[in-house]
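Here is what Swiss-Prot records for this protein:
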BINDING   Thr13, Gly14, Gly15, Asn125, Arg161, Ser189, Ile243, Gln288  UDP-N-acetyl-alpha-D-glucosamine binding site
Amino acid sequence: MSAPTILIMAGGTGGHIMPGLAVAEVLRERGWRVLWLGNPDKMEGRLVPPRGIELVPLRFQGVRGRGAAALLKLPFLLARACAQAWRRLADIRPDVVLGMGGYVAFPGGVMAALRRTPLVVHEQNAVAGTANRWLARLARRVLSGFPGVLPRGEALGNPVRADLCALPEPAERYAGRSGALRVLVVGGSLGAHALNTTVPQALALLPEQARPQVVHQAGEQHLPALQQAYAQAGVQADCRAFIDDMAGAMAQADLLICRAGAMTVSEVAAAGVAALFVPFPHAIDDHQTANARFLSDAQAAWLQPQASLTPQWLAQWLGQRTRQELQAVAGRARTHALPRAAAHIADVCEQAARRAS
């Protein structure tokens, strides 16, 4: 008897791809054959094949924000992508198709529905993307990382790394700490210019004895400028291009200052760490603000728009924080974690395949 087959569709950004890879790993451990529909010229082309997963090529990308000329080409590009997707599905004949977001998922999902192949959709963000908003109408099951995102949606959470979920409870980690607060600043792999400029200036406004210990991840191309910014501010900080052991860094931190991508918010909850979210202001549909509110509305994190993140505000805000308060916020964040999201999404895919057989 041949192994059951799933076709995962996700592309464009790590926020779509990494959760899909987590589900893929669970299903492979259960004996499934996993293939991936994606654009080989985009990020999935770099991330998926090294994991031993075959990338089934489909070259399609969105036109939102690309101008009128690109919009005029959309019907032709979409028709071509749908024809390609139909052929790929006919060749593969998957038992179930999982759409994790990104424009490449749209033609594949539509063609899967037309072929009556079970379609499962998972939306990571608190505001659904364009592709998933449409595909949710065609899907057998609709899943999400946060509650209330899509009609018929089941909030199963976002898959996060096991090492974050395995961290001790915040009360255990924070116990016995003394001295300066430990602050971890993370701008993502490419860094975040607003954090790289504002945090050093804010710390310079604090009395030296009141300054926290800072580990600041900036992205490789921004590291020299960040080091210069701290030097000019007269502030000591551990500046890094990347942090290989993010779980360890979060475990040591009293406070995390970061963006609010879906995976970041889910990782904050999984780790149980106090966080100040500064959403990227140009995210489509301002979805990072909605992501951050999942925790901030529950007093399990703080949310500060970038437009009002001034050095003066941040210095005053940091000066008011205590380790006891941060521990309480971290504990509330941990209560919102859904550590078995990848396994639960895999369960749904298996159920959809069985019901169709």
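First residue shown is number 1, and so on along the chain.
The backbone N, Cα and C atoms fix where each Cβ goes, glycine too.
Location within the structure of each feature annotated in Swiss-Prot.
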residue	record	contacts (Cβ under 8 Å, 6+ apart)
Thr13	UDP-N-acetyl-alpha-D-glucosamine binding site	Met43, Gly102
Gly15	UDP-N-acetyl-alpha-D-glucosamine binding site	Gly101, Gln124, Asn125, Gly261, Ala262, Met263
Arg161	UDP-N-acetyl-alpha-D-glucosamine binding site	Ala22, Met246, Ala247, Glu267, Ala270
Ile243	UDP-N-acetyl-alpha-D-glucosamine binding site	Val186, Val215, Gln217, Ala249
Gln288	UDP-N-acetyl-alpha-D-glucosamine binding site	Arg259, Ala260, Gly261, Phe277, Pro279, Phe280
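A sphere of 10 angstroms centred on the C-beta of Asn125 (UDP-N-acetyl-alpha-D-glucosamine binding site) encloses 27 other C-beta atoms.
In the three-state DSSP classification, Gly15 (UDP-N-acetyl-alpha-D-glucosamine binding site) falls within a helix. Classification of Ile243 (UDP-N-acetyl-alpha-D-glucosamine binding site) by DSSP places it in coil, neither helical nor stranded.
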